[in-house]
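Novice: Pulled from TrEMBL, these are the listed features:
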type	residues	note
DOMAIN	200-407	domain 'BAAT/Acyl-CoA thioester hydrolase C-terminal'
ACT_SITE	Ser228	active site, charge relay system
ACT_SITE	Asp323	active site, charge relay system
ACT_SITE	His357	active site, charge relay system
Amino acid sequence: ASATRLLPSSRCLFDEPVQVKVAGLRSRQVVTMRARSTDDRGVVFSSLATYKANQNGEIHLDEEPSLSGSYVGVEPMGLLWSMKPDTLHKRFQKTNSLNPHVVRFSVHEEEGEGRMLAEATNERLLIGDGVSRIPVKEGNIRGVLFTPPGAGPFPAVLDLYTFGGGLSEKRASLLASRGFVVLTVALYGHDDMPKNIKEVHLDYFEESIDLFFFPQVGSKGVGMISLSKSGDLALSVASYLPGVEATVWINGCSANTALPLYYKKSQILPALMFDVSRMIPSESGAYNIKYVTNDPLLEENKATLIPIEKAKGRFLFVVSEDDLNWDSKTYTEEMVERLKHHGKDNFESMCYPRAGHYLEPPYGPYCPSSFHSLAGKPVLWGGEPRSHAAAEVHLWKKIQEFFRANLHYRSIPCKVTHYIPIY
């Protein structure tokens, strides 16, 4: 009988590769392999690939090439990143860290009805063993705090996920599983927060950073990780507030976009706005919005530029060259030039050709297009699936290295302003 094995185990973390092996087939038998999963919103994602067994009737996905299907060539994790939704313009939603990403692999005969020969289920966990998950409702802050097992001390990271409202835990819980204390916060549309907002207050992030003063935190300052609109918020936090040692900016803007920014009840940055007439429709019904944002370097828009030259910490600028949501590459070039002009070398940048906007923890389904809350329409995110998947694997390691290198340990215990119970 045929069998599918998942190595080293059928249970693993979301960001870990798994080896898929099939045995018990006829020598050189051609089969179709399928993967299927359902996200938190009930959308079904699936992929398929045609493989030819070796002379021993085995298929090793890290050795044999896919001959056709959702991808071709030797791609050990191809069945995972090439999964597509059963409806157009849906992004894979895994926002609650307690729900694993369950993937069912199956092997089918090529001919006829495609009778199933073998199957195996891969449970991909978003939260590691012993990582604590504490919902936070303290002062104005609404979010979730993740702490690794053990006494620490651990470096601290504030996760500003994208700006779509609500809360996403996936990136935060996975980073905590890698040894960081991570607080992910919502800005609106979560718990008792307003459904929408008209302005952003830096005070909220200041309060979030203050929450990190408890014994398990070992870093002097905090790290920040962002994506898209939260990228410019992270730049503002790093530029105006103390205590930020390392900021990861992924595919965002160099100016304060969409909503005015306030601190201590005064406006500190106006909003760089958009011209929706520059949206470009595509055949799929989704729009390219790369050039919708007004140019921050025009005289009338310069007041929206974030003064990153004031920042004391280090920056990691991450750019997908095929980002169709922002002109991220141009914004990064402008920021690098400005920092150099001010005699600063507190930055590094990573550029990924053929990668799209949504760079996430690796091995999730690549998303070509989905609904954009600000645009009110589905938009194209850009990228080519294989290159995008490879970029996510590389970047995930890079982010952890960047934080470990730049979040420095305190020599004296912190002053405990308030203590969040971890146990």
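Keep in mind that glycine also has a Cβ here, set from the backbone N, Cα and C atoms.
Caution: TrEMBL annotation is automatic and unverified by curators.
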Novice: Over the domain 'BAAT/Acyl-CoA thioester hydrolase C-terminal' (200-407), what is the model's mean pLDDT?
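Specialist: Computed over the domain 'BAAT/Acyl-CoA thioester hydrolase C-terminal' (200-407), the mean pLDDT is 96 on the 0 to 100 scale.
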Novice: Sequence gap of 6 or more, C-beta under 8 Å: which same-chain residues meet both conditions with respect to His357 (active site, charge relay system)?
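Specialist: Set apart from His357 (active site, charge relay system) by at least 6 residues yet with Cβ under 8 Å, we have Ser228, Asn251, Ser320, Asp323, Leu324, Asn325, Trp326, Ser328, Trp381, Gly382, Gly383.
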Novice: How many other Cβ atoms are found within 10 Å of the Cβ atom of Ser228 (active site, charge relay system), counting all protein chains shown?
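Specialist: Excluding its own Cβ, the number within 10 Å is 26.
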Novice: Just how many other Cβ atoms lie inside 10 Å of the Cβ on Asp323 (active site, charge relay system)?
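Specialist: Summing over all protein chains shown, Asp323 (active site, charge relay system) has 26 other Cβ atoms within 10 Å.
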